[in-house]
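**Q** Can you read through this structure? Questions will come right after.
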Amino acid sequence: MKFSTIALPLLASAALAQTNSSHSGTNATSHNSTVPNENSKTTIVVTNDDSWASANIRAFYDELKKEGYNVFMFAPALQQSGTGGTFVLPKNTTLAKGAEWGSAPVGAPAWGQDEKDDHIWYFDGTPGAAVTFGFDYALPKFHNNITVDLVVSGPNEGWNLGPFVYTLSGTEGAMYTSVLRGVPAIAFSGENKHTYYANASNSETASHNIYAKASTAIVKNLLKNAKGRPSVLPYGVGLSVNLPLVGDIDPTGKCTDPKPIFTRQTGRGAITDKLVFNETTGLFKYGDIKSDATKACLNGDCFLPDETDVINNWGCYSSISVVSTDYDAPGALAAEAQFLNRGLVEFAPTGYGSFPGN
């Protein structure tokens with residue numbers, strides 16, 4: 001199945017701003033060499049929050065391998081949706097509950113490999129912990145401490161739209177955990193059901209197969225345009241991609257070729273959560289709410305559409321938002337907040353800043 005490359009060249013030119021060449025990784029998994037050329041293999045780590053046995057991650061892994069990449073999977077043993085960037089490690093040396101869908105039995109080691117593919121690993125922890133297990137244990141101990149060129153997380157079984165869900169999602173959490181380690185990363189999210197890969201359809205119109213191809217097309221284009229650079233993406237920057245309803249889950253039945261466009265997280269469609277009390281059950285549930293803060297544009301290109309609006313209303317388009325792990329407020333807004341704290345809070349003496357020369 002051929003996928004459209006509309007907007008993909010733009011992805012490389014806009015998101016691949018010049019990397020700070022003075023930065024170099026200090027451990028084996030931080031990116032500390034140039035992006036490989038065509039005559040050498042690119043190493044990609046795949047992770048997610050829906051478990052190592054989900055149809056989405058297995059289809060993505062297989063598709064990346066078809067392209068000739070050197071691919072490893074380090075993913076949670078069990079479903080870990082909604083864990084954000086939390087870092088939960090195994091409490092025992094064995095699996096108390098087994099792995100998702102019985103893909104590893106109760107009592108199996110808390111981390112282990114697929115019996116048919118030693119590049120596929122599960123880990124009894126959250127997504128951020130699982131990908132770090134790859135960086136700090138599995139790759140150094142069993143795979144010659146190979147340098148990772150890119151981490152891809154997902155595709156998630158559910159959209160991750162807007163700034164609130166960005167902090168909540170385990171898929172996004174694995175992405176920004178990797179970015180903070182100096183490893184370029186992309187989070188992918190779709191909207192299909194939790195499906196065991198062994199029971200998944202092989203049809204070309206199956207959503208997991210379309211998501212795998214669409215995600216791989218974005219990865220392939222990005223790596224092609226990044227050849228010879230110090231890093232696939234600028235340090236501290238990641239991509240958050242949301243894929244629309246496609247194939248067998250698309251009500252129109254027409255979307256098999258989602259077209260990627262640039263978006264931002266905040267905007268007119270962006271939402272956050274609120275509590276809603278149910279008088280019948282006496283319990284709370286969550287609902288959606290918009291605020292001035294979800295619409296605010298403080299960083300980035302304010303003329304881009306927001307990802308929530310694009311995915312909910314634009315049809316067969318994928319949203320690609322460029323995100324940063326530098327959470328400090330922009331200079332003018334930071335100065336205003338600092339001014340409002342005058343009289344008590346002081347600035348550090350000259351020479352105590354975070355960057356050379358401060």
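Keep in mind that glycine also has a Cβ here, set from the backbone N, Cα and C atoms.
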**Q** Of Asn144, Asn145, Asn156, Asn160, which one shares the Mg(2+) site with Asp49, Asp50, Ser81 in Swiss-Prot?
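**A** So the Mg(2+) site in Swiss-Prot includes Asp49, Asp50, Ser81 plus, from the candidates Asn144, Asn145, Asn156, Asn160, Asn156.
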**Q** By the count of other Cβ atoms within 10 Å, pick out the sparsest of the binding-site residues Asp49, Asp50.
**A** Asp50
**Q** Which residues, in sequence order, are found in the same chain with Cβ within 8 Å of the centroid defined by the Cβ atoms of Asp49, Asp50, Ser81, Asn156 at the Mg(2+) site, excluding those residues themselves?
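**A** After dropping the recorded site residues, what remains is Asn48, Ser51, Ser54, Gln79, Gln80, Pro127, Gly154, Glu157, Gly158, Ser169, Gly170, Thr171.
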**Q** Which one of these recorded positions has the most other Cβ atoms within 10 Å of its own Cβ: Asn156, Asn199, Asn278?
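**A** Counting every other Cβ within 10 Å of each candidate, the maximum falls on Asn156.
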**Q** When you measure from the Cβ of Ser189 (active site), how many other Cβ atoms are you left with inside 10 Å?
**A** 30
